[in-house]
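Feature list (source: TrEMBL):
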type	residues	note
DOMAIN	A:16-436	domain 'DUF112'
TRANSMEM	A:57-78	transmembrane segment
TRANSMEM	A:105-128	transmembrane segment
TRANSMEM	A:140-158	transmembrane segment
TRANSMEM	A:165-184	transmembrane segment
TRANSMEM	A:196-216	transmembrane segment
TRANSMEM	A:312-336	transmembrane segment
TRANSMEM	A:352-375	transmembrane segment
TRANSMEM	A:387-404	transmembrane segment
TRANSMEM	A:467-488	transmembrane segment
Amino acid sequence: MNFITAIQTVFEPFTLTVIVASAIFGLFVGSMPGLTATMAAALLVPLTFYMDPVPAIGAIVTCSAMAIFAGDIPGALLRIPGTPASAAYVSEAYQLGRKGQLSRVLSVNLIASAIGGIFGTLVLIMLAPQLAQVALRFSSYEYFWLALIGLSAATLISSSNPIKGLTALFLGLFLAVVGLDVVTGLPRYTFGTVDLMGGVSLIAALIGLFAVAELFRKAATIHEDLPPPAQVTGAILPQGLSAIAQYRWNALRGSTIGTFLGILPGAGADIAGWISYAVSKRFSKTPEKFGTGHIEGVVDASASNNASLGGAYVPALVFGIPGDSITAIVIGVLLIKGMNPGPTVFTQSGDIVSAIFVVFILANLLLIPLGLLAIKAARHVLRINQRMLLPIILMFSIVGAYAVNNSVFDLWIVLGLGLLGWIMEENGFPIAPMVLGLVLGKIVEESFTNSMIKAGGNVIAFIDRPIAATLAFVFFAIWIVPFVLRLAGRRVPRAS
Amino acid sequence: MKLTKLALLTAAILAGVSGPALAQYPERPITMIVAWAAGGGTDAVARALAAQLEAELGTPVNVVNRTGGAGVIGHTEIVNARPDGYTIGLASAELSTYYWSGTAQFTANDVTPIALVNLDASAFNVAANSEWQDLRSALDAIAEAPAGTYKLSGMAPGAAYHLAFSSLLNAEGIDPNTITVVPSQGAAPGFQELAAGGVEIVPSSLPEATAMIDAGQVKTLAVLASERLEAFPDVPTVEEAIGRPFAGGTWRGIVAPAGIPDEARDRLIAAVETVWNSEDFQSFMSERGFGLTYLSGDDFGAYLAEQHEQNGEVMGLLGLRQRD
Amino acid sequence: MLKVSDLGSGLAIAGLGLAIIVQAQGFPSVGASPVSPAFYPGLIGTVLLGCGLALALGSLLKKEAMPLGVLPEWLRRPGNILAVLAVPAAIIAYGLLSPVLGFLATAFLVTLGLLVAFRVNWLWSLGTAFVLSGLLHLVFVVLMRVPLPYGFIEALLP
């Protein structure tokens, strides 16, 4: 691969213009709850018909990297995640903002996102063919254990009352059951409505549980007219840099986990943030600070969701198997441009692939200046009077929830889950495990049922393969080790 | 609050006055519903069509992905949309299965057919290291083995490729129920299962399998088409492999709700025909490996009626039929 | 919203779990799958039932002070009640009105109503409602190409 010609291809005025324009578009889309990176990428497709392959793919790559970072901005400002990928650490980021550390948390989001993105790209450049082989070893058995490990993360992220955390997780799992059963095509818990056959839309649920529940809370205390918390002033970037320097291993660990989850088709950015955040807490020296406005987990998770983007291109380029919905679109664009994904893509279209790698790096570097501008602009939002701001947020939430599916029915989901989220938080039930249950629910059931069908009901098959057995071991270790430690009688401080 | 009511009232009256006067169709943006997610094959065809229909009709054509429920949501939305010609949809082969599976009340005949734009033949894919060298040996092995020995993946049970595959087995006198379906969301996860050794067969279109064939993970035994595909001259047809003519797969076509104005229908049929024949669309479809077949208006309607009957039969064999 | 004691919420969750299990009994088994479609929801229902009972039992053992719940603070302030009610009212109004009036008219009216309910003065409310509905139209319809409900105001636009 010739990176000199690749760089020349990318640094043409037209390509650069396209990349910068799609970067700004991505930042905007990501920071709006209800607008997703997938929607943005799909919108770019007809435009890419008229472009060369490099600007065409570059537009989608840049747009998605920006959108995943930008999802953090409304999270920290308003406790409303802009994309599902930011949902895991939205409370933590918001708490930091309340403490006056808005600049710090947002610049950590920004720098960690860039680090994660570049890490994922480097892995993609150096190890794509080998890692794609590993991804192909994952069948439903492996996904089943992986999904259970993901669910275990819920017990780590919900701190206070474990029973209430478990309840929230299973409420989320239940919401994921609603709709047509994949195996039999049978409607479950749809009460005869066609709209519910498609299940509960994740975006509508996020807007309900986070945005609308938060608006209810704010409306109930509207008389207080609280001024926005005083913010630490000064340059933005250095605040984040010092935090990243302190937690540099966390950034690396988040990037590694994110890249790996990105490589596995079907996992992706939405799940990466949760797992990284939970891992961060599990191995932290100060796990008790998590959930009170502690930057450590944010470093892991911000790096992780951006790292997963690069990972998703591994199976896409090598086997034409999309790692997520965005790479599915990218594969389509590649085909139109006469490039067939497959192991030969690196030799036959080597120059273009190298150029795409250069775009990846460039997009993550561009993230810093453009993200900084976005942060500066976004901070002004908090200066708006609450009585004006809340109605404006509600209108964006309503239209955003409607826009995802063009469905009035989704508004009723938003309202119902908004009320539920409000009641739950007021009574000490955490929201985060519920969202995790909703994200993972389908994978849990499908991988379990498919495995049982394949094995003809024989459960031994679940641990009959080396990777599956390893994952099963990890899963049981997560649950048994703390138990054994407690049984050992000594109150072992969680030092690991 | 009084003012709000007044404004509401005025608005309501205004809305009534400026009712739909179909001056010259189309006078406002058109919505094209797709029942499958952004990034999939149907979505790609829809966006290519929409981009050019927009120029042809002189009004924005917006693609809306109404996903979920194995496509039933989006297709229901198309059938139930206001029949004014401003909501159309790119339907896929599953349209003619929901009635039989009992998930919807409408049949494939309850739409205004505009045009069939694509037919994709299904292919019989197996793992590259499979002992089956040709279709004959595969079918013989399936016929002899006890039920449940062989599994297939790449779709939900009852999806178009599953039905085509089952019809082939049935034509050969093999009970299609002997093959266990491991459900998956599309061909890609199916191929992953195939490579991981979880299933033996993945029926998919040939373009969907290309990357895995190039990677040496998958081989194709036959394509369920009447002639070899231009882009895949080495893959034999079913007839060449076992001497029985057999074609099957999936289709995509533009439909509108039943009862749209004739003016809108004629305008849409003409516009889709122009777009389909354009060089841009033809090259888009062949580069992405989609089969190019065209049926206009009533011909498409006749095709839908035929599909409706056929699917009722096959789904009955598979025990997926929930009504008579 | 209202604060409920763990006894109340526990019983509600247990009830939901039970309802999930009962409903799952009606799912027919189709085909040869070794897993019935009722198995997984049944499992979820059982866990919820268990969690709910554990919460209720814990509350009884601890002898929680609240019998079932207490009236929340915001119900004592008319201004707050209005603001809280305005949130669901706006969502419902948008859902019902937008298919009839079209997006621009609905967004204008709903925003106006919300701002007035949040005690913003009329002039500001009118101005914000006007600008915001236009902005939303620009963002979603023009930029993101989402076909929002079409109404009489949209018909007047070029």
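Even glycines carry a Cβ here, placed using N, Cα and C.
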**Asked** Which one, A:140-158, A:165-184, A:352-375, A:387-404, has the most C-beta pairs under 8 Å toward the transmembrane segment (A:57-78)?
**Response** A:352-375
**Fill in**
Note: vs the transmembrane segment (A:196-216), the recorded stretch with the largest number of Cβ pairs under 8 Å from A:105-128, A:165-184, A:312-336, A:387-404, A:467-488 is A:387-404
**Cβ contacts under 8 Å made by the transmembrane segment (A:312-336) with residues that lie 6+ beyond its boundaries** = 37-38, 41-42, 45, 48-49, 53, 56-57, 60-61, 64, 123-124, 127-129, 131-132, 135-136, 262-269, 342-343, 345-346, 353
**Message:** Three or more CB pairs closer than 8 Å, sequence separation of 6 or more: does that hold for the transmembrane segment (A:105-128) against the transmembrane segment (A:352-375)?
**Reply:** yes
**Complete:** Other same-chain positions with a Cβ less than 8 Å from the transmembrane segment (A:467-488) and lying at least 6 residues past its termini are 137-138, 141-142, 144-146, 148-149, 152
**Request:** Within the domain 'DUF112' (A:16-436) only, compute the mean pLDDT.
**Result:** 89
